[in-house]
Amino acid sequence: MGPLLDVQPTPLALLLLGREADPKSERGVECPGDLPSPSDPDLVARARAAKEKLGDRVFILGHHYQRDEVIEFADVTGDSFKLAREAAARPEAEYIVFCGVHFMAESADILTGPAQQVVLPDLAAGCSMADMATAEQVAECWDVLTEAGVAGTTVPVSYMNSSADIKAFTGRHGGTICTSSNAKRALDWAFAQGEKVLFLPDQHLGRNTAVRDMGLSLEDCVLYNPHKPNGGLTPRQLRDAKVILWRGHCSVHGRFSLDSVREVRERIPGVRVLVHPECKNEVVAAADEVGSTEYIIKALDAAPPGSKWAIGTELNLVRRLAKRYATEGAGNKEIAFLDKTVCFCSTMNRIDLPHLVWALESLVDGTVVNRIEVDPETEKYAKLALERMLALP
Ligand code: SF4
């Protein structure tokens, strides 16, 4: 009998462990660092000292979904687009340390100058949604649209949460990027350029914007499944559709359900339900308010003291907001997480204090680790798509 433990890890297992590369996707790869131990009691002091030594040469960006221990060291916090713009507005910073996920660091590299280097403290911090649309799959989809005779009248609109390759595809084919705050403006613009929209990669943001904000019907939208021949759609379905949605979703926001909305309304009488537009359409339809992370933060800021809220977005942010508003001084607002079974974004959580300390101390020693660099050709077209977004009316 052969050795029972002689089992080779699968490529997927290695990817999940952050020990293997997947060159075909934007997902992160091996983190080669000699990381400090998570139990090192000096981690906070070490991060502080390294940051101080680097001074203005380093600028640390912290996405809203990052852990508290990391956010503490961010020079600015925000959503992915705000952070990319903040990076672009700091040409004096030689190093941009992006505490977020891979596609965000790519966008920062695209928008910053050639002398600036963008560092992602853990290369395994990818985004499952961005991974759901690869360059090959999207090129194949465009062939399917061409065969059906609709590519000439279709304008791609890609969510910020996509790889640089997908942004470049969008730029090359006359499309624009959008965020969760300007998706309606992006679709309005796209419909002024063509007859149909190919929305990548988040089906929920695309559907919610089309139906909730643009007054289209669910029947106007079709779902392109990259794992089925021809996307699982007939040429007739493609010709009749107004919006062709890519079959991608966020593994965090996609888990909130109608039941969680019903349950929280029973549990907390008078609660207002506020969710992110990456949630499913039925969840968005049942909520009181819908908006991006920046919208959620502003809405809670403006909410009257004593009001009660159930929030459907990533747990790190909701916890921070709950803590901030739990005291009388901050307005004493009751903030609950919409669904107790939904957990943190696992890839966002990969950036922890040991990785941040390692990245910063390496920079102090003159070594740039985990640099994220987009090739010039991809950058050129991805930038074109991003610039179209910046010019949206
Ligand atoms: S929260 Fe969702 S969209 Fe954001 S990084 Fe995590 S998986 Fe990607």
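Yeah, the Cβs are placed from backbone N, Cα and C, and that goes for glycine too.
What TrEMBL lists as iminosuccinate binding site is His63, Ser80, Tyr159, Met160, Asn161, Ser180, His276, Pro277, Glu278, Thr293. Other C-beta atoms found within 10 angstroms of the C-beta of His276 (iminosuccinate binding site) number 28, with every protein chain shown included.
Annotated [4Fe-4S] cluster binding site per TrEMBL: Cys127, Cys250, Cys345, in sequence order. According to its DSSP assignment, Cys345 ([4Fe-4S] cluster binding site) is coil.
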Rounded Cα-Cα span from Cys345 ([4Fe-4S] cluster binding site) to His276 (iminosuccinate binding site), Å: 14
For ligand 1, pick out the binding-site residues Cys127, Tyr159, Asn161, Cys250, His276, Cys345 that have a CB under 6 angstroms away from one of its atoms. Cys127, Asn161, Cys250, Cys345
Nearest-integer angstrom distance between the alpha carbons (Cα) of His63 (iminosuccinate binding site) and Cys250 ([4Fe-4S] cluster binding site): 16
Rank aside, I only need the closest one: which of the binding-site residues Tyr159, Asn161, Glu278 has its C-alpha nearest to that of Cys127 ([4Fe-4S] cluster binding site)? Asn161
Relative to the mean position of the Cβ atoms of Cys127, Cys250, Cys345, the recorded [4Fe-4S] cluster site, which additional same-chain residues have Cβ within 8 Å? Tyr65, Val101, Ser128, Met129, Ala130, Asn161, Ser251, Val252, His253, Glu314, Thr347, Met348
